[in-house]
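What TrEMBL says about this one:
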type	residues	note
TRANSMEM	A:20-40	transmembrane segment
TRANSMEM	A:52-70	transmembrane segment
TRANSMEM	A:77-97	transmembrane segment
TRANSMEM	A:103-129	transmembrane segment
TRANSMEM	A:136-155	transmembrane segment
TRANSMEM	A:175-192	transmembrane segment
TRANSMEM	A:224-243	transmembrane segment
TRANSMEM	A:255-271	transmembrane segment
TRANSMEM	A:278-296	transmembrane segment
TRANSMEM	A:302-322	transmembrane segment
Amino acid sequence: MTAEEVVTAPRRQSRRGASFRDAGPPVALIVIFGIFAALSPQFRSIDNVQNIVDAAAVLAVVTCGITFVLMMGSIDLSAAGVMGASALTVSLLVANNRNDNDFGLLGILVAVLLGCAFGCLSGLALVLLKVPSFMATLGVSAIGLGVATLMFAGVQPNISDAMLESWAIERFLGFAYLTWIAAACILVGWLIQRYTRLGRYAYAIGGAEEVLTLSGVRVKPYKIAVFTLAGAFYGLGGVMVTSQLGAGLVQAGDGYDFSAITAAVVGGTLLTGGRGGILHSAVGVLLVMVLTNGLVQVGVSPYWQGGVEGLIVVAAVAAAVIPQRRRNQVVK
Amino acid sequence: MKITPRPAAAIMSLSLAAAVLTGCSSEQAGGEDTSASEAGCKSADVRLVGQVRNESNPYEASWLAGGDAFAQSVGLKQERLTYDGDSTKQQEQISQLLAGDTKCLVMNVLPNGDSDTPPIVKGADQAGAYLVTQWNKPADLKPADYKTWISHITYNGVESGQQIGDALATAIGGTGGIIALQGILDTAAAKDRFAGLEASLKKNSGVKLLDQQAANFSRAEALTVTKTLLTKHGDNVKGIWAANDDMALGALEALQQAGKAGKVAVVGIDAVPDAITAIQGGKMTATVSSDGTWQGGIGLAIGYCVATGKLKVADIAADNRAFFAKQFLVTKDNAADFAQPKSNPADYECGNVFNRVAGPLT
């Protein structure tokens with residue numbers, strides 16, 4: 001119970017600041033959506049809105065995982081490797097053109113568990129070997145890519161599993177199954193963050209780990225658990241990419257590590273930990289997807305897009321942290 | 001190299017050492033050896049090395065397989081090196097190789113980028129190792145100026161971009177809108193291939209380029225970009241031109257998810273196995289093959305022929321020192337021939353190694 005008070009105390013002090021800050025990213029999302037909608041009739045079509053949400057599915061799941069790690073004040077760069085390994089695993093375990101396996105759901109479960117194992121490895125390296133999370137997860141990413149390359153063995157496995165393929169193609173209420181899976185992940189993530197000890201301790205570790213330790217909380221198991229949870233999300237992300245592409249690619253997770261961190265930060269989850277959360281990150285994911293989609297829809301030349309996108313992201317983050325500037329935080 | 005007692009450094013040097021285990025203990029070959037080795041090594045003394053970015057894509061995997069096939073045909077083994085697309089790692093591997101016995105060393109190298117070629121070439125030249133490079137080199141760096149850099153092989157991207165552009169135009173009946181998926185915009189391959197598409201568009205005036213977007217040679221990015229472009233242009237899209245097969249395969253998935261599978265023609269470049277299968281199944285229209293298996297074998301074959309004295313560098317025609325190799329348009333008619341990557345031993349006979357020269361690199 002003592003720990004509980006330590007967690008809530010700093011939040012209570014900045015209540016007004018918090019609500020102001022929390023409003024930033026959703027407002028930015030609405031403004032950017034409004035601007036694109038005004039500029040392009042195709043952008044505001046129902047089809048395109050469905051397209052944006054569908055395209056956000058994988059990033060949303062990966063961002064869910066990374067958000068827990070960021071809340072804790074650590075960083076996680078293992079998404080690319082873990083997703084690659086899980087993509088290859090699932091594509092070799094469900095019906096495919098490389099072997100006679102046909103494990104269906106069980107194969108998907110194994111891939112997610114593999115993600116857990118990789119996440120656990122990151123956590124153990126951080127807690128037991130004292131490797132900074134930055135290096136530990138980078139190493140785990142390399143291990144994941146190595147494992148994936150071994151499984152790849154020169155021939156791309158193409159999946160023919162009807163269920164996994166249908167996830168990307170079949171729709172329910174206008175959205176692909178994958179989108180509903182992502183929505184479920186966000187819900188589960190939010191419930192964990194809000195109602196479990198794991199979620200609340202992740203916040204607390206990011207906010208003030210020393211205080212938590214001094215209060216007699218053993219933080220190490222929670223740190224490992226957070227990385228394991230994140231790994232599960234990456235594992236599922238790898239499965240989802242496989243479903244979308246119809247094949248297991250070593251590069252399945254290429255770029256997702258940094259896109260997910262970008263999305264989380266744009267949404268208001270701070271890299272310093274202790275702030276933000278799953279819902280913030282979900283908004284951040286939508287913001288990033290609206291941006292990439294909108295720039296194509298209004299016809300910005302591909303030569304300009306990268307630069308323009310970066311500029312808007314920096315502007316959005318700057319706008320989101322303005323309310324904090326007064327608090328004179330050190331920015332590293 | 002400074003040696004520090006840190007474990008990370010130890011692990012790094014250990015792994016580097018492992019990569020080039022055989023050469024570590026030997027003394028560095030002096031400059032004097034260079035002229036002597038011209039006289040000819042014994043076949044069994046030749047050391048064959050194939051270096052590519054990674055083994056995690058079908059193209060480079062087939063490259064290394066081709067190298068293995070050639071090495072086996074002369075009773076040797078190819079050393080396979082991969083550097084994960086990391087320029088620094090590539091240079092380290094090369095310097096480790098060159099620090100060993102370089103007298104009969106033959107290297108078939110895929111430089112990571114244009115700027116990675118000069119240090120490799122200079123190192124090989126000093127050590128007297130035989131070198132064939134492929135794809136990337138700065139325009140002003142020429143094999144003809146070096147003694148042991150035998151050849152540079154590349155492919156005419158303008159030609160392949162145009163070939164698939166024309167195939168796409170034919171497939172959609174000469175009229176209609178197409179969209180283009182570009183590669184990484186600042187690479188020569190992306191620029192040349194797109195220039196080829198523009199040339200094709202000039203010739204096929206009925207075909208209109210509705211939109212062009214970069215999908216960075218990535219299957220996943222192509223999927224997202226194509227879905228966005230399909231919502232933007234709807235049924236006006238009759239064809240999709242992709243600067244490589246991975247993007248073409250991503251576009252195919254996007255078409256399937258949009259319920260337009262089979263209604264839009266798709267073309268790509270590289271002839272990866274999945275694209276060949278898609279062409280055989282009628283889902284894709286065309287691709288272009290550079291024949292990765294051949295690339296993996298030919299670089300070693302050229303080097304082997306020179307190292308064993310069957311070819312003299314001085315006798316190799318100037319046009320064969322840096323050249324565009326022949327590439328093949330793959331359509332449904334000939335897809336079966338490309339379905340199984342195979343190497344033809346006749347290609348690697350010393351009299352035939354330059355048979356696929358399509359033109360000098362200018």
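Each Cβ is built from the backbone N, Cα and C atoms, and glycine gets one as well.
Non-local neighbours of the transmembrane segment (A:77-97) in the same chain are 62, 65-66, 103-104, 106-108, 110-112, 114-115, 118-119, 122, 134, 137-138, 140-148, 151-152, 157-164, 231, 234-239, 241-242, 247-257, 260; each lies 6+ residues outside the stretch with a CB under 8 Å from one of its CB atoms. In this chain, the transmembrane segment (A:175-192) lies apart from the transmembrane segment (A:103-129): fewer than three C-beta pairs between them fall below 8 angstroms, excluding pairs fewer than 6 positions apart. Listed as Cβ neighbours of the transmembrane segment (A:302-322) (distance under 8 Å, sequence separation of 6 or more from its ends, same chain) are residues 21, 24-25, 28, 32, 262, 265-266, 268, 287-288, 291-292, 295-296. Long-range neighbours of the transmembrane segment (A:224-243) within the same chain, counting only residues 6 or more positions beyond its ends whose Cβ lies under 8 Å from a Cβ of the stretch, are 57-58, 61-62, 64-66, 68-69, 72, 74, 76, 78-79, 82-87, 89-91, 108, 111-120, 122-124, 126-127, 133, 137, 159, 164-165, 167-168, 178, 181-182, 185, 189, 192, 198, 202, 249, 252-253, 256. Proximity of distant same-chain residues to the transmembrane segment (A:103-129), defined by a Cβ-Cβ separation under 8 Å and at least 6 residues beyond the stretch ends, is recorded for 65, 74, 76, 78, 81-83, 85-87, 89-90, 93-95, 136-137, 139-140, 143-144, 161, 163-164, 220, 223-236, 238-239. When the stretches A:52-70, A:255-271, A:278-296 are ranked by Cβ pairs under 8 Å to the transmembrane segment (A:20-40), first place goes to A:278-296.
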